[in-house]
Amino acid sequence: MVSQTPPDKADQKPINDETLARQKAIDDWLPITSSRNAKWWYSAFHNVTAMVGAGVLSLPYAMSELGWGPGVVVLVLSWVITLYTLWQMVEMHEMVPGKRFDRYHELGQHAFGEKLGLYIVVPQQLIVEVGVCIVYMVTGGKSLKKFHDLVCKDCKDIKLTFFIMIFASAHFVLSHLPNFNSISGVSLAAAVMSLSYSTIAWTASVHKGVQPDTQYGYKAKTVAGTVFNFFSALGDVAFAYAGHNVVLEIQATIPSTPEKPSKGPMWRGVVVAYIVVALCYFPVALIGYWMYGNSVQDNILLSLEKPTWLIAMANMFVVVHVIGSYQIYAMPVFDMIETVLVKKLNFKPSSLLRFFVRNIYVALTMFVAITFPFFGGLLGFFGGFAFAPTTYFLPCVMWLAIYKPRKFSLSWWTNWICIIFGVLLMVLSPIGGLRQIILQAKDYKFYS
């Protein structure tokens, strides 16, 4: 550490200009801050891509574990609460005049202090982003495999491992797009796909009609089983709404002036995104459960075997969407790694550095995905620790810490209710997730 004695004022100026110029050069190179000319609709489809995970397809299954009443309540409550916390994030992006919190952890540092902010936010954000990337590797591989098995019934069976590798090959190319605006095309395609396959999922269900002898009771025979399933389904719903980890990073790409702050266009994009999210989630969850009752599979596309071409198409749509989502969640991770390399370890910002960093990251996520394809269960477990806080209550805690609303005022109550709901989710969903991992891991072989 350099000693903090201030040198003569005259000596100080050139150093500052130089450091500022260097900082600006680095910021112009880093993925998140390098281009700030996004339109409001970019934020809409980035948010749709980030929010609507392939998790939407497991919503009917989550409904079957929650039951009609609690299921609808949890779905709607989550939608309202996460929209509120998203609004808070958008508001807090520029609450200090002349400064923008371009990354989740910068806001954390402002709320909780330099050191503590990093320790609170970064681990959670990394768990979420890296976790999502790994899950999407598995999802992409599985959907490719499904597509292959549907289209070509008599082909030789190919291992999931190879499909995950095929899926990863797309990312070895796409990861080299430098920043958020350059992936907006990929993201738009992904957002359109997510609407498409959600629509396919519920319209095909409607077409099949309510299945004979459909039952809506809980599947588990024991009380304990029912309770654990309930917890794990809470986790599933919580992760369906986890786009908050990249929201400040998306907003950072929108231009901003004191007269026209970035929160205007960003909020418009978010509202559009949330309407699309509702159009994807509610019909799939409710219609899927209504048609199949508690015999629904954990992926609604598995319950709809016919017509083959339609389901094969839907699986291909899932693949395209997951490619886009992977990129959106990987971008902040690239940003963190590159920031550390350039600012802390003084590497020169170059395309070679970027080439190595990103290929290594894609390779690592691919390796983990191939090793643990039951990662979805792990997500229920880890997700509870990291998804619930970053989405449901960290924004509220920051809001209380920064704005300090009057005790028992509306704002105070709202935030505390969100915090309590979020903490409950955080505590309960890992319990259900852990039990599912234990049940699944019994008959699992590595690299099968």
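Positions of Cβ are set from backbone N, Cα and C atoms, glycine also.
Values in this document were obtained by computation on a predicted structure and should not be read as measured data.
What TrEMBL annotates here:
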type	residues	note
DOMAIN	37-432	domain 'Amino acid transporter transmembrane'
TRANSMEM	40-59	transmembrane segment
TRANSMEM	66-87	transmembrane segment
TRANSMEM	116-139	transmembrane segment
TRANSMEM	160-177	transmembrane segment
TRANSMEM	183-204	transmembrane segment
TRANSMEM	270-292	transmembrane segment
TRANSMEM	312-334	transmembrane segment
TRANSMEM	355-375	transmembrane segment
TRANSMEM	381-403	transmembrane segment
TRANSMEM	415-438	transmembrane segment
Cβ-based contact of the transmembrane segment (160-177) with the transmembrane segment (355-375), 3 or more pairs under 8 Å: yes
Positions on the same chain near the transmembrane segment (40-59), where near means CB under 8 A and six or more residues out: 75, 132, 136, 139, 143, 180-181, 184, 187-188, 190-191, 194-195, 197-198, 201, 236-237, 239-243, 245-247, 250-251, 253-254, 264-266, 268-270, 272-274, 276-277, 280-281, 284-285, 288, 298-301, 318, 321-322, 324-325, 328-329
Annotated stretches the transmembrane segment (381-403) and the transmembrane segment (270-292) touching (3 or more Cβ pairs under 8 Å): no
Stretch in 270-292, 355-375, 415-438 most in contact with the transmembrane segment (312-334), if contact is a CB pair under 8 A: 355-375
Stretch-level contact, the transmembrane segment (116-139) and the transmembrane segment (270-292), CB cutoff 8 A, at least 3 pairs: no
